[in-house]
Amino acid sequence: MASYPDGQSYPGAAGQVPGPHPGGYYPGPPHGGGQYGSGFPPGGYGAPAPGGPYGYPSAGGTPSGTPGGPYGGGPPGGPYGGGPPGGPYGQAHPSPYGTQPPGPYGQGGVPPNVDPEAYSWFQSVDADHSGYISLKELKQALVNSNWSSFNDETCLMMINMFDKTKTGRIDVVGFSALWKFLQQWKNLFQQYDRDHSGSISSTELQQALSQMGYNLSPQFTQLLVSRYCTRSAIPAMQLDCFIKVCTQLQVLTEAFREKDTAVQGNIRLSFEDFVTMTASRML
């Protein structure tokens, strides 16, 4: 029997993790294998959202970040509009792409439902001017605070989440949604990086997961950090692994919640059901 004590390990109203725009970018099996589920409850990081059983966040409004809002302005100096590369969080590689290329985007301006700043970066990251962002292009565009590239697992996970065409690539609309997703995770990462080191320690991760509504032991949190941390004297987690871990926890929580039809915080599964549930959700 799998169980969450009193249902308290469900992400609660203390905060919602970033997810795709309602309507979703993973309605079916993603490119690369597996099923990424039905999506996460949309939400931001302000006041607590009304919760369902166990404080699980119910679907609400989309996070802030519409065109003309915090993303607006001219071409960004970094992938999150935070000035030129050199800051600690998720900055792009020093301009391997140069100026915005002409190509298949036309001259009609920013497409509908696409953030202007995300559109500028889409044009820069789309190195082959194909009109799509590949796994390789996405990986080349994103780095951690220690200037390491985002790992393949996280990049593939994000491609799978926002690939509407199921071809292993992201179009401009999907990239705009991914842009917002990354912006939210970067903000959350900065919030919990309390010592401003550019990485998340096991203590900081424990605090982050607790405020997201998870009731997980320090031993489990230390296991996550040791599994996904950088090789250093003091184990710590970079932005890419933070995104991967928190997103996967949310996916598995949703899988558990679907089986917990009695809303009791525990379920009984056969071994094959457990393996199937896990394998179908893991990327």
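Quick reminder: no glycine exception, Cβ is built from N, Cα and C everywhere.
Residues annotated as Ca(2+) 2 binding site in Swiss-Prot, with sequence analysis given as evidence: D193, D195, S197, S199, E204. Positions annotated as compositional bias 'Gly residues' by Swiss-Prot: 31-44, 62-84. Annotation source Swiss-Prot lists domain 'EF-hand 1' at 113-148, citing sequence analysis. The feature domain 'EF-hand 5' is assigned by Swiss-Prot to 253-282, with a curator's inference given as support. Residues annotated as region 'Disordered' in Swiss-Prot: 1-44, 56-114. Residues annotated as region '9 X 9 AA approximate tandem repeat of [AP]-P-G-G-P-Y-G-G-P-P' in Swiss-Prot: 21-108. What Swiss-Prot records for 203-283 is region 'Required for interaction with PDCD6'. Summarising the annotation, Swiss-Prot assigns repeat '2' to 31-39. Annotation comment: Swiss-Prot describes 41-48 as repeat '3'. For 49-58, the entry in Swiss-Prot reads repeat '4'. According to Swiss-Prot, the feature repeat '6' maps to 75-83.
For the Ca(2+) 2 site, the Cβ centre of D193, D195, S197, S199, E204 serves as reference, and the other residues of the chain with Cβ at most 8 Å from it are Y192, R194, H196, G198, I200, S201, A236. Taking each of the binding-site residues S197, S199 in turn and counting other Cβ atoms within 10 Å of its Cβ gives the largest count for S199. If you take every residue in the domain 'EF-hand 1' (113-148) and average the pLDDT, you get 93. In this structure, the binding-site residues under consideration are D193, D195, E204, and the one with the smallest number of other Cβ atoms within 10 Å of its Cβ is D195. Each residue of the domain 'EF-hand 1' (113-148) gets a DSSP state, and the totals for helix, strand and coil are 17 helix, 2 strand, 17 coil. Secondary structure at E204 (Ca(2+) 2 binding site), as computed by DSSP, is helix.
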